[in-house]
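> Next up is a structure, given as structure tokens.
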Amino acid sequence: MSLLTEVETPIRNEWGCRCNDSSNPLVVAASIIGILHLILWILDRLFFKCITRFFEHGLKRGPSTEGVPESMREEYRKEQQSAVDADDGHFVSIELE
């Protein structure tokens, strides 16, 4: 028997709570936890890809260098810097007199 059939039953053409101890702090806490769980589940289904991408990659930017030897990291930095330096040649310096 599900919880909904026990708690929410039609009473005199209205929906009401059949349990008498609804003011019990344990029942209130369980209700709050249930509502929060439902909200989090809905958000998880809506934003599943964003959430998993965040936990997989975190806040890191750029390619991961984990497990890459330092010599390869330095070589990569030099390649990136040389690419930036090569692009500087495209700019024309204009001096106004």
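Positions of Cβ are set from backbone N, Cα and C atoms, glycine also.
Features from Swiss-Prot:
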LIPID     Cys50  S-palmitoyl cysteine
MOD_RES   Ser64  phosphoserine
MOD_RES   Ser82  phosphoserine
MOD_RES   Ser93  phosphoserine
TOPO_DOM  1-22  topological domain 'Virion surface'
TOPO_DOM  44-97  topological domain 'Intravirion'
TRANSMEM  23-43  transmembrane segment
> With every protein chain in view, what's the tally of Cβ atoms within 10 Å of the Cβ of Ser82 (phosphoserine), excluding that atom itself?
10
> Look up Cys50 (S-palmitoyl cysteine) in the DSSP assignment and report helix, strand or coil.
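In the DSSP reduction, Cys50 (S-palmitoyl cysteine) maps to helix.
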> Which ones in the same chain are close to Cys50 (S-palmitoyl cysteine), with CB under 8 Å and 6+ residues apart in sequence?
none
> Give, as a single whole number between 0 and 100, the mean pLDDT over the topological domain 'Virion surface' (1-22).
56
